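The transmembrane segment annotation in TrEMBL covers B:6-26, B:38-59, B:71-88, B:100-123, B:135-154, B:166-187.
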Amino acid sequence: MQAPGSTLPSPDDRELVEGFARVVAVEPGRVWLEPEQTSSCGGCHSAGLCGVGSRNPKRLELRRFALGGDLGLQMGERVVVGIPETSLSRGALVAFGVPLVFLAAGGIAGQEFGRSDGLAFVGAVVGLAVGLLVSRVLASVMTARGQLTPRFLRRAYQPAQGASCSPDQG
Amino acid sequence: MEHYILLFISAALVSNVVLMRFLGLCSFMGVTTRVDTALGMGASTTFCITISAMIDWGIEYYLLEPYGLGYLRTVTFILVIAAAVQFTEATVRKVSPTMFQLLGIYLPLITTNCAVLGVNLLLVEGHMNFIESTLFALASSLGYSLVMVLFAGLRERLALADVPRLFAGPPIGFITASLLALAFMGFSGMSTN
């Protein structure tokens, strides 16, 4: 069992989703990392049009995260971080699934009791607001348990100076 | 309630947005290399489609239809979808910044996903009331997510299989997708019941 908030890999984590990040700031007791531009999409010839292929520094800055503990990392260093696969799916369900369930329930209740589109709309909006609040509470519980915190796995492979290629190997 | 359940099954399975209407094929092929990415993309798309369908219903029945502005429908819906994606992004960031770090990468992809616009345009053709259109959008997008996760699972297995070199990669992906579409055709008989 691991202490809540720990950023080290746990033996309980059967499968981790791994990603690359770069150290952008080092503070006493924690480091700030910026995830490398990755895309869930495989990419195509139109990648520049949908924004997947473009490197937006502001977007990456918003996704910066901190890792606690003395990890001995230097500025600019590339590391491999991971998060349990179950956390990702649970996070998606909490962030998107819970508000939608409340939205649908509120909308149906409004329609059934009021028999009008106006009340159904009000019910759906109220349901969405309640769902977002519930989602926020659940998300804070998951964060407090450290379920959504990426874990430091290892330093990423650094190509030798003057190497002709730099494979993205962990 | 039975009416809503039938509407839900019809939108999610019988008229599946990917395998029956062939919408959202770009993300269907591009984001289904892993189950977790497919689930993240599916969940965020479901949220955006439902929110944009709610707003588009209001715009259609209180603005576009009464004033004969139907020719502005596509442009208006695209703007609403872009706004819904921004709203989703801001909401997820507010609900949990950590979740935004995990799930934020899928949101830019949704803006250009034709399934989102397609579902909104189908709602106009259906002439449904508010709750029916919202449930139809929710069910359609859940059907999209289901197919994404199923296909991602198949592709994860295919990645380990000994596929002939000629069929490796996208060709075997398309063959698998066609078999999946054939399987979903089995639901079409349910619509007459």
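Glycine too: its Cβ is placed from the backbone N, Cα and C atoms.
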For the transmembrane segment (B:135-154), distant same-chain residues with Cβ under 8 A (at least six beyond the ends):
4, 7-13, 15-19, 24, 27-28, 31-35, 37-39, 41-43, 45-46, 49-50, 52-54, 115, 119-120, 122-123, 126, 128, 176-177, 180, 184
Candidate ranges B:6-26, B:100-123, B:166-187 - greatest C-beta contact count to the transmembrane segment (B:38-59) (under 8 angstroms):
B:100-123
